[in-house]
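Everything below concerns the one structure shown next.
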Amino acid sequence: MAYIAIIPAAGLGRRMGYNKNKVFIELNKKSIIERTVEKFQNDVNCEGIYLAIREDEAEMLRKKLSGYDKVHGVFIGGKERQDSIYNVLQKIPQCDHVFIHDGARPFITKELLDDIYDNVKMHKAVICGVKVKDTVKKVSGTRVVETLPREELFITHTPQAFDYELIMHAHENARINTLSVTDDSSMVEALGENVHIVESSYNNIKITTREDLVIAESIINREGEDK
Ligand SMILES: Nc1ccn([C@@H]2O[C@H](COP(=O)(O)OP(=O)(O)OP(=O)(O)O)[C@@H](O)[C@H]2O)c(=O)n1
Ligand SMILES: C[C@](O)(CO)[C@H](O)COP(=O)(O)O
């Protein structure tokens, strides 16, 4: 048993406000996307890595990743993240488990990959996240509607791992029902299936805005290059 990794990297990086896709930004002389891919390249349980990228960046990405022999495919993404993942799902070979991980989250650890892998062998859908540290309010306009119970709340990260048949079905169902969501777990939840969560790390940030670049540099400086 092993898993296949799908890495969506076909975004525009609008919130970063950079003149190209943020996954090509270099942190300490190595691009974000290479940092992400190498975590899966180094994981013995990963048997293949498939990426989504924008058409005009596909050649550049293929060249950049030519040294990573587990990269078996670089495909063109879609308008939204879920479209990009769906496009790649159509292309991967049948397998036991699929890990879906944002190209813009380079700080996943081997410990987290192992934890998710152990769990997805028991459950069909496993995600990861961190406990909420602040008090979260539901708001309508400027009016606070409700204070949500913090002990029940997690901030969701990736990887999210699924049984192959289940995630295929979940994506097909989302398309048929024009369900628009921000993570893959939501599509599985929409089928009424159980999704389990394991604890991620606060370092497993998605590099989204410029402030995240400063945090990313500090994680690299603090933890060194082997983490
Ligand atoms: N149509 C899309 C949109 C996003 N992504 C990928 O999904 C991940 C998470 O998305 P996000 O952080 O939102 O990235 P962007 O869409 O690039 O950023 P923004 O929303 O600020 O434009 C990123 O690795 C991004 O490249 C993708 O493959 N296809
Ligand atoms: C999947 C995700 O990273 C979980 O936090 C997140 O929902 C992606 O959202 P984005 O708006 O595409 O960045």
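Here the Cβ of each residue, glycine as well, is placed from N, Cα and C on the backbone.
Listed features, source TrEMBL:
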- Arg15: site 'Transition state stabilizer' (SITE)
- Lys22: site 'Transition state stabilizer' (SITE)
- Arg150: site 'Positions MEP for the nucleophilic attack' (SITE)
- Lys206: site 'Positions MEP for the nucleophilic attack' (SITE)
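Ligand 1 lies under 6 Å from the Cβ of Arg15, Lys206, out of the recorded sites Arg15, Arg150, Lys206.
With respect to their backbone Cα atoms, Lys22 (site 'Transition state stabilizer') and Lys206 (site 'Positions MEP for the nucleophilic attack') stand 11 Å from each other. Applying an 8 A CB threshold to same-chain residues 6+ apart, the list for Arg15 (site 'Transition state stabilizer') reads Thr208, Thr209. A Cβ distance below 6 Å to any atom of ligand 2 is met, among the recorded sites Arg15, Lys22, Arg150, Lys206, by Lys206.
Under 8 Å, Cβ to Cβ, and six or more positions away along its own chain, Arg150 (site 'Positions MEP for the nucleophilic attack') finds Lys131, Val132, Asp134, Thr135, Val136. Of the listed recorded sites Lys22, Lys206, the Cβ environment within 10 Å is emptiest of other Cβ atoms at Lys206.
Mapped onto three states, the DSSP output places Lys206 (site 'Positions MEP for the nucleophilic attack') in coil.
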